[in-house]
Amino acid sequence: MLSKSEKNVDLLAGNMSNLSFDGHGTPGGTGLFPNQNITKRRTRPAGINDSPSPVKPSFFPYEDTSNMDIDEVSQPDMDVSNSPKKLPPKFYERATSNKTQRVVSVCKMYFLEHYCDMFDYVISRRQRTKQVLEYLQQQSQLPNSDQIKLNEEWSSYLQREHQVLRKRRLKPKNRDFEMITQVGQGGYGQVYLARKKDTKEVCALKILNKKLLFKLNETKHVLTERDILTTTRSEWLVKLLYAFQDLQSLYLAMEFVPGGDFRTLLINTRCLKSGHARFYISEMFCAVNALHDLGYTHRDLKPENFLIDAKGHIKLTDFGLAAGTISNERIESMKIRLEKIKDLEFPAFTEKSIEDRRKMYNQLREKEINYANSMVGSPDYMALEVLEGKKYDFTVDYWSLGCMLFESLVGYTPFSGSSTNETYDNLRRWKQTLRRPRQSDGRAAFSDRTWDLITRLIADPINRLRSFEHVKRMSYFADINFSTLRSMIPPFTPQLDSETDAGYFDDFTSEADMAKYADVFKRQDKLTAMVDDSAVSSKLVGFTFRHRNGKQGSSGILFNGLEHSDPFSTFY
């Protein structure tokens, strides 16, 4: 039995030729709601409430309602006698704030999502119904056809459609996912390899402590990550499948990228061949450019942020700091450290062999086992203007990529020292300490074009490469076709036993692997103790998301051919 709203939707969806959207994603032109005086003429399809017959149901096909008229509602004169004489205090300030602008955008997308998805569902349902009816019609014409059985099949189909409709109305929940194993740990929560029970989708489920995020005012970073993940379908960025929340936690279910991160690859290989390094840095630039195209700067790029997919290609993840600013606590900690090292005495910087620098770098990482996972962070890849809290632009990401290219080829970062303090000091005096590495026989470890690229990336902002087009024109990339990178065979392809193989990630049942996260666990315990368990967490507006393929009963007809994703949130 169709509800009244479903009948009206069917009527309106009879022919979609008049549905159009203007450049702002709102109904316009001669679209859904034309601006003209017309007379109401709504025809009810005959027999819509009749009992279904598998031979020839009277309600199908539906009457063509493409020219259905809709009353234009006349607006009575408004009484403005009680209207406020002036706007509330700080109205413009609040109206133009980032928070308000985001809520406005989310609201717009909600209504666009609502109507597009409604029509998409109705069209898909009609197609399914037509196929079932054609099948039953054929069966009814066969000799010895069983009318009772055909009626039962029709009733069974209607029941399935009813179940599909029910599932569409359900919100995603934690219990919808089966946890397989833990694959990550952060300061605010954990990441699990999980499977959605009904769709069997495998995903990486990030679970964040909601009260802790509110307590530390870190919700902005989570919302930024959610917005970035839902804004693009770029093959270079990790995709979001679901986002939802409950009283205790925020959940981000992302596509699972099974090949581990680029850091693991560097650890296993020590350093890369020049051709392999060129391939990976090319893909990293494509991934970072995809983020820049969305208007975001990552600001905290490091090898751990680049994941390797099942085919061996790069995907960028972890966009929490792309919100616009890095947390004051982190910046202040680094600024204080930079100031302190000015008063410390370090041995004069002398040229060391590649092997000595590599050994020193690895010893530092082993000695300070939480070096890479520190909540404060290391200065190895971060541009100096970011650490100093100065004004910066998107090219700080190019600095980070220059440091990663350097490390990929020789096995240590350009400013690494025997201690973290010495690393800070080297970074502070980067113009003196950035040296072209030499082999034991005196030959340069980098080719001229490699060194030319690195010094155009690790440079003062005014001398740094200014765009992706400038990057592609560098002689270092002369042999790279950026448009066909993902069709090339990568240097490394993960060997996976199944879609749930997590062998390239840390084993959270191993004490040795757990030792890497000592600082993270210690800080997390300290922060958790600050949270009042009795406090009621607020809801994040516009956080919930469900990707289109995960929506029951839709075919995506209205979205085929779109270059970008549908960044639709659900307002609950």
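Each residue's number is its place along the chain shown, starting with 1.
The backbone N, Cα and C atoms fix where each Cβ goes, and this holds for glycine too.
From Ser374, Ser510, Ser538, the position flagged in Swiss-Prot as phosphoserine is Ser374. The candidate list Lys171, Lys173, Lys200, Lys206 contains one residue that Swiss-Prot assigns to the ATP site with Val183, Gly184, Gln185, Gly186, Gly187, Tyr188, Gly189, Gln190, Val191, namely Lys206. Taking Ser74, Ser156, Ser554 one by one, Swiss-Prot attaches phosphoserine to Ser74. Note on Ser20, Ser66, Ser333, Ser447: Swiss-Prot annotates phosphoserine at Ser20; no matching annotation appears for the rest, which is not proof of its absence. In Swiss-Prot, the annotation phosphothreonine falls on Thr544, out of Thr181, Thr224, Thr544. For the residues Ser17, Ser105, Ser475, Ser487, the entry in Swiss-Prot flags phosphoserine at a single position: Ser17. In the structure as shown, the Cβ atom of Val183 (ATP binding site) sits within 10 Å of 21 other Cβ atoms.
The average pLDDT computed over the domain 'Protein kinase' (177-477) stands at 85. According to its DSSP assignment, Asp300 (active site, proton acceptor) is coil. The 10 Å shell around the Cβ of Val191 (ATP binding site) contains 20 further Cβ atoms across the protein chains shown.
The separation of Thr544 (phosphothreonine) from Val191 (ATP binding site), Cα to Cα, is 18 Å. Between the farthest pair of Cα atoms in the ATP binding residues (Val183, Gly184, Gln185, Gly186, Gly187, Tyr188, Gly189, Gln190, Val191, Lys206), the distance is 15 Å. On a Cα basis, Gly189 (ATP binding site) lies 18 Å away from Thr544 (phosphothreonine). Between Gly187 (ATP binding site) and Asp300 (active site, proton acceptor), the C-alpha separation comes to 16 Å.
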